[in-house]
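Chemist: According to Swiss-Prot:
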- ARG7, ARG8, GLU9, TYR10, LYS65, TYR122, ARG126, SER130, ARG190, LEU191, HIS192: substrate binding site (BINDING)
- 60-65, 75-76, 81-82, GLN104, 139-140, TRP184, ARG194: FMN binding site (BINDING)
Amino acid sequence: MDLSDIRREYTRGGLRRNDLPDEPLPLFKKWLQQAIDAKIADPTAMTVATVDESGQPFQRIVLLKHFDRDGFIFYTNLGSRKALHLSHNSKISLHFPWHAIERQVHITGEVEKLSSLEVMKYFTSRPKESQIAAWASKQSNRISARQALEGKYLELKQKFAQGKVPVPTFWGGYRVKINSIEFWQGGENRLHDRFIYSHESSHWNIDRLAP
C-alpha cells in the first residue's frame, strides 16, 4: 500500500502572535466552539496519553467533560489501564485533532483525582444506561466474549430497574493541571503556525515553534 501521495493543502488562514490572548483558555474556548459550530464529529474527543512503569506509552480517546482555570476534566474506571498508569506517574498528555478546521491542540500536565462530590455530581447527570454500563464493565480486563459483557449489563439493568444507580467505588475522574498548551493551525506549503503557552508561577510564556 503506497501512502506517500496522501496529503492535502491547508488553506484556512494563519495564526499570528498579535492575535493571541495572554492566557490560553480563551483561545481554547474559542477554537472548541468553532469546532462545535463546524459540526465536527465528537469535538470534545481527545487522545489521552499515559505511560506504564516501563515507559511504554499508551493512548486512547476520552471525552472532555469540563475545563476552566483549574484544569481539564475527564472521567474513567479507576481500575482501567490509564488509571493504573496515572497512579504511578501523574504526567499526562491530551490532544484534540480538529482536522476539518485544520487545527490541533496539544496539552501536557499532571493529574489530580476529583473529589467524591465532583464524581457523584457528574455520574448522576449521565443517562441511566451509561451508569449501568459503568458497573458492567471491568475496563481493560480480558473477557471471554462480548456476550459475557452484555449478559452482565442485562443483569444489572434488572437489578437497578427501580430507583437510582449508585456511584461505583471503582469509578472516578481526573483534573489535568496544565503545564503547557500548544495551538497548531495548518498553513500553506506546510508552513504551519504553532504557538505554545508554558505555565510558570502565576503567568504564561508564549513562544512560536517551527512547524
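Backbone N, Cα and C define each Cβ position, glycine as well.
Where in this structure would I find these features, and how exposed are they?
Modeler: Sequence-distant neighbours of ARG7 (substrate binding site) (same chain, six or more apart, CB under 8 Å from its CB) are absent.
Under the three-state DSSP scheme, VAL62 (FMN binding site) falls in the strand class.
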Chemist: What number of additional C-beta atoms lies within 10 angstroms of the C-beta atom of ARG60 (FMN binding site)?
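Modeler: Neighbour count, Cβ to Cβ under the 10 Å cut-off: 14.
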Chemist: Using a 10 Å radius around its CB, how many other CB atoms surround VAL62 (FMN binding site)?
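Modeler: A 10 Å sphere around the Cβ of VAL62 (FMN binding site) contains 17 other Cβ atoms.
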Chemist: Roughly how many angstrom lie between the C-alpha atoms of LYS65 (substrate binding site) and TYR75 (FMN binding site)?
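Modeler: Distance (Cα to Cα, whole Å): 8 Å.
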Chemist: By the DSSP assignment reduced to helix, strand and coil, which category contains TYR75 (FMN binding site)?
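Modeler: SS state of TYR75 (FMN binding site) = strand.
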